[in-house]
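Encoded as structure tokens, the structure appears first; notes follow it.
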Amino acid sequence: MQLAVLTLALCWAYPVTIYISYLLSRLGIALYRKHKDSTTGAWYEKHRKAAFTAIFWLQLVQCFDLAISITITGYAMNISPQVEAWWVDKEFLASNIAVFMFLAAGLLPDPDVPFSPSLSHSHAWIAGIIMEALQLAMFCNQQSPVSVLSRVEYLQLGLVMVRLVLFVAMVALYFQPMYAWSRIQLDETEPLLGEVDSKPVRDAQHGGWLDYVVGFSTLFPFLWPSDSRRLQLRAIFCFVLLVIQRVVNILVPHQLGIVVAHLGSGTIPYQKIAIYIALRALQGQQGVIGSIRALLWIPVSQSTYRRLTSSAFEHVLSLSLEFHLGKRIGEVMSALSKGSALNTFLDGLVFQLFPMVADLWIAALYFLIQFDAFYSLIVITVTWLYLFVTIYMAKYRGRARREMVNREREMEAAKTDALMSYETVHHNSAVPHEINRFNRLVQAFQKAEYFVFFSLNLLNATQNLLFTAGVAIVCLLCAYQISADMQQVAMFVTLLTYLAQLQAPLNFFGSFYTQVQNNLVDAERMLALFKEKPLVQDRDGAIDLNTCAGRVEFTHVNFAYDERRPALQDVSFTVEPGTSTAIVGESGSGKSTILKLLFRFYDVAAGSVRFDGVDARDMTIASLRSHLGVVPQDTILFNDTLLYNLLYARPQATMEEVYAACRAASIHDRIMSFPDGYETKVGERGLRLSGGEKQRIAIARTFLRSPQILLLDEATASLDSQTERQIQGALDNIAKGRTTITIAHRLSTITKANQIIVLHQGRIVEKGTHEELLAANGMYSQMWAKQTKAKEKKDSNATLVEVA
């Protein structure tokens, strides 16, 4: 009796141990890989590939071995029932089938990588060694007499021994290249192996679902409503309702069987029918319990979406300027819109996938207890095949879906670029080119889309065929048992009802897995955004710059956007509080780079930038920027009213302050001439305003901000001469008592600057006042002479036109 219990336990423990070993190993490796990648070389890759080829053939032999063992067991159970041995049992048969499925699944081709068993597979093989050794001990413990029938038993014994040896060989082959490589790394003192190409190697099959889960763990804190106790209680109660739904799913077919069993008694079983109807009312997503759960979950789902999308938006705004300059706005916008994909994924995972898996395991256990192991085996086999085919085909569909999403992004990005560059497109008569370009991208998208839909229909047909085959086998088996008086008709009804219930979650899994893949592919870009780290951020212990006198110091500053091409080299200068400094030079000399460093869009590579003697890197970015006001060369306005754009600098400003700032910028009268005045819509990026109007709005906005340090990036470059003179006077007024740093193209606007810095190829070549630099007869003097000559020629031409 004790031996029989051990035998039964071994049969169930064998496949469970292998699968759990594999899954736990995958999870551990995924968590480890999140923090570290291993590095190997070309020698290791060559020998690893050879070892994997040998493992493939060994695993194939393993599958043949198990197939023979399954055949012998089935033969002994059905053709020669007089065979009495512990392995002639349904549990042993089920165990071998489960192990066969695991090994056979590993042999199927992967769409992304060639056959490459992972470290997790080796852990499962080690578990197989232990379990096969226990089976061998079971065989050796039998005391069957030698007879004709015992030859079959000894054949089974030989098959177990072969499997044990094969498992050991597979493990040895897997670890041998690793061991040899580690010895080479320890003993190597010179490059005897030739050139070694180091690269990160992942020993798990690429893109596994556990890797996805671990990768998305960055977003897990946004999924649980940790900021609301009320929402947490709602979520917990929803989980309780899920458990109740699982119980109801068992009771419905069981109660139907009871009703059918009592129908032949000559009386109507009203009570049992009422119980069945009540259970049916509670069952399913549209039942009473499911509806209550869905209503309770709505605020939890909304809270998750709000936290996720708001955090993503905040994170993108916190990223450094380099990220925004290097990304296409259409792609970033598309990624930010994928918060709903993760929200949908969470809802499906918690309330659809987990309940479905629970229902399938409960069904297998129910069939085992209520019927026998054959029914449980059939359910497990059909379920496994259904899920495996779904996941396996979804690997190909995932790649196709990713290709389709990439084509869609390119299509959307091209459309966004063309619309945002409307004037440029028409200036260059490029409308036909943009239309043809967009049409080509649409065709590429539809080609990828066709394969996605084709593979979906193929998957659905395969799933239906598998489930129909399983139902047919169960019906035939149950019908045979009923005809042999081994089961009652009521059990047939219960069986078919339960199978019908299982079809819904299985069919759902097909669509859900596809939906999950779509959601994860869609959300990959959002995850990538969260993984982006700002190059410039507050260091630990950074201080707040509460007050600022306005002293600015550049000390031996070096900086480069690309290390191969320095933008600034050994730049040093000081701007005293309340003084003005102008920076001039040819295009690409580094003028705008200095403003970017002042605003801390970038940090210096060497040297320091100091404000009132404090290194900019030692103060918080927000407090530093609160003392800076910028009038950029290219003003970008929000697609809102003029008033909104003006108040953006200081939302609490009064209308009188807004009017004063606009008068100082010579734009108030122009605004009042508009039909809607300050409520005039400026259009996308301010396209409804002229360049000069946008520039004056930017100047007025800076006046309203009233910073201690003014940064003017060719602030009057877009203005005509008359307006420039008006603005220049206003700029002189607001600059009194404030530090002003001006990037100038027109040298006539900076003649009164306390200090002029001349840049050439990232270096300071001259420094001084206007008069000093003219007297030096250097680069500044040449630039002045060139611009003066051009202005005189322009004025002369204008005079001739007036005379004519």
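Cβ atoms are placed via backbone N, Cα and C, with glycine included.
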For the set Asn78, Asn460, say which residue Swiss-Prot annotates with N-linked glycosylation site.
Asn460
Write down the single range among 206-226, 437-457, 542-562, 773-793 that appears in Swiss-Prot as transmembrane segment.
206-226
Gly585 (ATP binding site): secondary structure state under DSSP, collapsed to three categories:
strand
Determine the mean pLDDT over the domain 'ABC transporter' (552-786), rounding to the nearest whole number.
86
Which secondary structure state does DSSP assign to Ser592 (ATP binding site), in the simple three-class scheme?
helix
Give me the non-local Cβ neighbours of Asn639 (N-linked glycosylation site): same chain, 6+ apart in sequence, Cβ-Cβ under 8 Å, ordered along the sequence.
Lys681, Val682, Gly683, Glu684, Arg685
Please report the distance from the Cα of Asn460 (N-linked glycosylation site) to the Cα of Ser592 (ATP binding site), rounded to the nearest angstrom.
59
Hey, which bits of the same chain come close to the transmembrane segment (373-393), Cβ under 8 Å, at least six residues off its ends?
90-91, 93-94, 97-98, 101, 105, 108, 360, 363-365, 367, 455, 458-459, 462-463, 466-467, 469-470, 473-474, 477-478, 495, 502, 506, 509-510, 513
Of 52-72, 119-139, 239-259, 489-509, whichever stretch has the most CB pairs under 8 A to the transmembrane segment (349-369):
489-509
